[in-house]
Amino acid sequence: MFSFEGDFKTRPKVSLGGASRKEEKASLLHRTQEERRKREEERRRLKNAVIIQSFIRGYRDRKQQYFIQRSAFDQCTDSAQPGGTFCLADGPNLTLLVRQLLFFYKQSEDSKRLIWLYQNLIKHSSLFVKQLDGSERLTCLFQIKRLMSLCCRLLQNCSDDSLNVALPMRMLEVFTSENTYLPVLQDSSYVVSVIEQILHYMVHSGYYRSLYLLINSKLPSSIEYSDLSRVPIAKILLENVLKPLHFTYSSCPEASRHQVFSAFTEEFLGAPFTDQIFHFVIPAFADAQTVFPYEPFLNALLLLESQSSKRCSGVPWLFYFVLTVGENYLGALSEDGLLVYLRVLQTFLSQLPASPTGTGCPDSTSDSEDDNEETDQPNSPEDGRVSAPYITEECLRKLDTKQQTNTLLNLVWRDSASEEVFTRMASICHTLMVQHRMMVPKVRLLYSLAFNARFLRHLWFLISSMTTQMITGSMVPLLQLISRGSPMSFEDSSRIIPLFYLFSSLFSHSLISIHDNEFFGDPIEVVGQRQSSMMPFTLEELILLSRCLRDACLGIIKLAYPETKPEVREEYVTAFQSIGVTTNSEMQQCIQMEQKRWVQLFKVITNLVKMLKSRDTRRNFCPPNHWLSEQEDIKADKVTQLYVPASRHVWRFRRMGRIGPLQSTLEVGLESLPLSVSEERQLAILTELPFVVPFEERVKIFQRLIYADKQEVQGDGPFLDGINVTIRRNYIYEDAYDKLSPENEPDLKKRIRVHLLNAHGLDEAGIDGGGIFREFLNELLKSGFNPNQGFFKTTNEGLLYPNPAAQMLVGDSFARHYYFLGRMLGKALYENMLVELPFAGFFLSKLLGTSADVDIHHLASLDPEVYRNLLFLKSYEEDVEELGLNFTVVNNDLGEAQVVELKFGGKDIPVTGANRIAYIHLVADYRLNKQIRPHCLAFRQGLANVVSLEWLRMFDQQEIQVLISGAQVPVSLEDLKSFTNYSGGYSADHPVIKIFWRVVEGFTDEEKRKLLKFVTSCSRPPLLGFKELYPAFCIHNGGSDLERLPTASTCMNLLKLPEFYDEALLRSKLLYAIECAAGFELS
């Protein structure tokens, strides 16, 4: 506690010890610095005090002067009443009043004074304007500007009901009209200059913001452009909006013009549209009678966008305005104006928010009824503004109009079209497909370009000719960089990705409609006239093009999995900063977008490559081994690590995830250990481009994967748990269908042991060590796929495909039969069994495809006659309606005719020249897909229950047929000899065996095949040679009875050969046996 002892002054501290000579250096320096700091703080405090005092004195004086001038103004207004001494009909007096008001004006206190002054200025406008012709012209011009600025500020409070906006609006009208100035000043050029200066000052003072608020406040929300003549204020407001634009367009310098358009854009068009703007103002601007400087506006808009450091939030509304108003001005644009228009479309379309519903893209996930209902409502319920999603949809719809499409197509198709035109057009199309998820058939611009051969050729030429400068100074094609897997700069990728994506997408779409005859350049004669081809490339050009596309895909895979950890290079940072990206989070977002663009590019190129490969598979146009890549050397013994036992997906399978030249992080599914870069690349190739690997290697990989899975399921021991079934030989299919159903045996990967009963119900001799099961499975598949069974039919070429009428035969359980047959075929593949089942190509394609649907080009393998008729209809040049077709097909199943509508109400829709393409594709889709969809889906599910479809997708339809039935190649006797076993006293040196091989060497290839079928039940050798045959081919001593015929046990691949020492006798007996297919019962 402190006490007061009478001292009220601080006394200096006196050190009685004297000055210490031992003061340390650090202490001295610290004390000196502290004293200096205190002196500096004192000086700053005094300076700040002077500033504050000066401000207070100025504020007090201004308040005093405001009061004095306001009082003087009020005295003048009082004196200006009738009978007063102050005359308003005098220019200097008006100038004095204006000067006073401008000095003290405060909107909260002086609004009424301003209104009174406006009233008198309008009344005596000529006297006031006359001051512009005297010595006070600059002062008068400044006063008019300030008055108009206050007028704009006043109108911004138009929502206040107490404010009468008539006088401020009349003020705007009077003092921006030439009629006010010309009678007084008489110099028209000076008048125009004065009005321009006034308008520019007003624009800087929020003129368009005031008009925006005024329109939304004073016009009813239900107003439309047709109401213009009935609502006088609407016409005045519209004129006021256009006035600065017209003056700006006529004679204003470019910089000032840009300022006016900038204000108009940001303050009037940049905000979400209200009903008044959307339904009245925009249609008014779009009216041809309303003259609007559209081309200068586009130039200013492009300049404004280039100078902006960040994206404008009002892009949807600006873009809608550009498209809507441009409908009446596109035809009048100059060539330079059209190029500017193209740039504006490219810029704003890329900034347009992604479409919320898409337009039928498979990737679209917003397809619920609620979402659709929301987008149908233009206004949001909160504030009556038109929503951004609705405007976005409207922009995309307007961009797809016939006029817009023709304008853009004319730009591209003209002979003088530059590389910039093609590049920007590609960017627009790329944005439509990628960002807005619009499909080629749904957009008029896209499908028009897709079927223009000249455009596609030129597009590929641009892609091939794009180059970049390397560090060494040499120019290298960008396509070559991609093929090498070399990273490229952000600018280079932005140049080539849109072009490459567009080319791949459009060419893929055009290939769907180009039938094989047209693709291969065969002449097409219809009604005596030769049809023009839509093929943009010759077969020779396609060979080179397909090789480039293949290498590009492989290069992108290398970019996805770089050998060294990638870094964000300096040029990427610079490129991102140039578009306003500064923070790390924004940069990472841009990097992810760049990665996504590479992924999307990879997908469309891969799709195009697969389509070309499919054509080559159906009818070869490429040289042998064309699709094999010399860059990739994938061996079966190097990919065993791709099998993951724990996951039971038995495949480290993933589609291409986030890939790009910037970062290598892929979303990985279930896996045990991380893969190396080489393994990642191999996996990507095997899943996306398997045909670049030789077929033999893929077969080895497939068999190794099967073996690895079998080791997990069955194990090595012969007595592990398996499946034991008893089957009656005369009822193989019925018993197997019952006892091997999913309910009884959910896992067919287990080892199956079969016990057969003969026709009399007695046990057949023998214990199943694998051979009886193979014989059982072979007979089961023959029975199940026999057309007489009713589940499969044959084409004209004898190829199997699901019977559409199967449901009529077995009822609703037909899908279970197809599931069962799929499982059995999968079991044959799983056990490496060859079965001679010739399937139709389109059916195998449906099994391998991810969508289970195939296109019209496969129709020829199902019904060549229908295919030819549809091609005839496509090229028919007479009146199509005369053919009397409608959107129906007729099924004749089991003698019963049934009419099926291809679309709702199809029987009442005639086929015309306009809709025949749709009819053709609907017919093909019905025959190939809809009619047998449940059959194929059930069969696929059964097949996938035993063998992963991802493994099978390493092969095309022809290769799968070879995998099922073996290749039609000559039987190699040397290979067969090398892997033949002998029993019962025979050996390789036995005389009978030597005679046997001499006899077989003299057989024709057909006779050798019959021998092979006689012993193994399959006429084709194993894919990888007889070393893969299990059990091995074996010749057993059949005894010395020369009257007996050679017999075979196909379940054991065993030939029982009697001891024929006479070559002629052995030949005749053996040929008789194989021709008659002698078994146990024929001796």
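Every residue, even glycine, has its Cβ placed from backbone N, Cα and C.
Taking the Cβ of CYS1051 (active site, glycyl thioester intermediate) as centre and 10 Å as the limit, one finds 24 other Cβ atoms among all the protein chains shown. Residues annotated as active site, glycyl thioester intermediate in Swiss-Prot, with sequence analysis given as evidence: CYS1051.
The compositional bias 'Basic and acidic residues' annotation in Swiss-Prot covers 1-10 (among others).
Positions annotated as compositional bias 'Basic and acidic residues' by Swiss-Prot: 20-40 (among others). DSSP states for the compositional bias 'Basic and acidic residues' (20-40), grouped as helix (H, G, I), strand (E, B) and coil, give 16 helix, 0 strand, 5 coil.
Annotated ubiquitin cross-link per Swiss-Prot: LYS903, in sequence order. With a 10 A radius on its CB, LYS903 (ubiquitin cross-link) counts 13 other CB atoms from all the protein chains.
The domain 'HECT' annotation in Swiss-Prot covers 744-1083 and is backed by sequence analysis.
Across the region 'Cis-determinant of acceptor ubiquitin-binding' (1-60), the prediction's mean pLDDT works out to 77. Taken from Swiss-Prot, the feature region 'Cis-determinant of acceptor ubiquitin-binding' covers 1-60, and the record attributes it to similarity to another entry.
The region 'Disordered' annotation in Swiss-Prot covers 1-40 (among others).
Annotation comment: Swiss-Prot describes 354-386 (among others) as region 'Disordered'.
In this structure, the C-alpha atom of CYS1051 (active site, glycyl thioester intermediate) lies 52 angstrom from that of LYS903 (ubiquitin cross-link).
Reduced to three states, the DSSP call for LYS903 (ubiquitin cross-link) is coil.
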